[in-house]
Amino acid sequence: MPYLLEMKNITKTFGSVKAIDNVCLRLNAGEIVSLCGENGSGKSTLMKVLCGIYPHGSYEGEIIFAGEEIQASHIRDTERKGIAIIHQELALVKELTVLENIFLGNEITHNGIMDYDLMTLRCQKLLAQVSLSISPDTRVGDLGLGQQQLVEIAKALNKQVRLLILDEPTASLTEQETSILLDIIRDLQQHGIACIYISHKLNEVKAISDTICVIRDGQHIGTRDAAGMSEDDIITMMVGRELTALYPNEPHTTGDEILRIEHLTAWHPVNRHIKRVNDVSFSLKRGEILGIAGLVGAGRTETIQCLFGVWPGQWEGKIYIDGKQVDIRNCQQAIAQGIAMVPEDRKRDGIVPVMAVGKNITLAALNKFTGGISQLDDAAEQKCILESIQQLKVKTSSPDLAIGRLSGGNQQKAILARCLLLNPRILILDEPTRGIDIGAKYEIYKLINQLVQQGIAVIVISSELPEVLGLSDRVLVMHEGKLKANLINHNLTQEQVMEAALRSEHHVEKQSV
């Protein structure tokens, strides 16, 4: 049987740099192939070639789809062939309805007049196909991210898709939304629709794939059956070396209590009747890694936003640092107390995309370079920037490059560099490795371990339970705004954490860390 897709010896250069070099990829109808590689490995470039974003003639090699060579000059050319790509940043218009988004650019008309009755009927069938029980007239901006992702798939199905490319589709989804999405991909597979799945979440890659293709430094490293590969096998192919332990387990000692929070309650910014955090108390020691686990909506981010002074609603409770009660109502007061935070959404809250990498790093510590006068000491600032880039291994062609052009992992390292310039005693990391590749994750994990060895206390909030369990000395489990468990991490399992989240009573382990 001929392949649905064959990409033969694809090479794409930018100036003298080969982004992809002689890469081959092929798949059958109904096959799910995961494309794996670190950020900057060439995955996105290869997909842009396939979709016509990089037009025929701008690359070397040949693309055969459904038995015909594709020579696309625009993404619309490949869409007409049945190839659709859904990016991590969804391409939906939030102010339009579900129906209007699905048919945008593909409206059904009769004599120049749009046939809304026929489009509504078609839209209802498409929504049913992706298991969405919503009205076609629903405004897309009112949907959750998981539902928006499914609307994107319905939009692709409306274009008679034969090959669906999903780029980091679950980066912002809950575990339940992820499960629904994977089930729908499997259902599409039964209808002969092929899928190229791009994700840094290797458990998903293993669960969904028939075949795994690995690219490293722009070159095709290998394609193997998913059933015969372990996560360690994938990592080794991706990074070119064996990571003996993803989570460094260097011994570190904890000191005295540095932080204590008592009876923290936070209300919804608009609806004062809704408690987002409900009577939460906990402590933190010097040199301790405290993980906070829970489902989306558990109140984890709201809790640490109160601690950092950026929760937009009202809250009450007591915060003690070094045994003394402190009042923190903004981030400047938090920083003055030795607290720094890497926010959950780095693109929205963590970086200024058009600003240089170096300026993003020094943004919160400009007082270090003024010497009591208003004029910046440019030489001192540049020296600090270069040292930070080297220390955190930020990969950038220049400190003056706009940070928005860096990979997610390197943006995150730059944000960490900014935090470390503040000389924090308490470092809060909210989803520290979301959407970044395995190599960058490993470097961040090593950095966290180095920081606690220096006595810095670290709070880690993560939706990935293996990450929480792999890093933490102790785990707080939250559910619906309440602290349900405070557990010493003596070989804790994911099942124990989820059981603690869902049980009715509060559970605390009294052992010392």
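Every residue gets a Cβ built from N, Cα and C, even glycine.
Per Swiss-Prot, the feature ATP binding site maps to G37, E38, N39, G40, S41, G42, K43, S44; the stated evidence is sequence analysis. The C-beta environment of G40 (ATP binding site), restricted to residues of the same chain at least 6 apart in sequence and closer than 8 Å, consists of K395, S407.
Sequence annotations record features per position, and here Swiss-Prot assigns domain 'ABC transporter 1' to 5-242 based on sequence analysis. In the predicted model, the domain 'ABC transporter 1' (5-242) shows an average pLDDT of 91.
According to Swiss-Prot, the feature domain 'ABC transporter 2' maps to 259-505.
Each of the binding-site residues G37, G42 was scored by how many other Cβ atoms lie within 10 Å of its Cβ, and the smallest score goes to G42.
The ATP site is set by G37, E38, N39, G40, S41, G42, K43, S44; from the centre of their CB atoms, other residues of the chain with a CB within 8 Å are T45, I215, D437. Counting every protein chain shown, 24 other Cβ atoms lie within 10 Å of the Cβ of E38 (ATP binding site).
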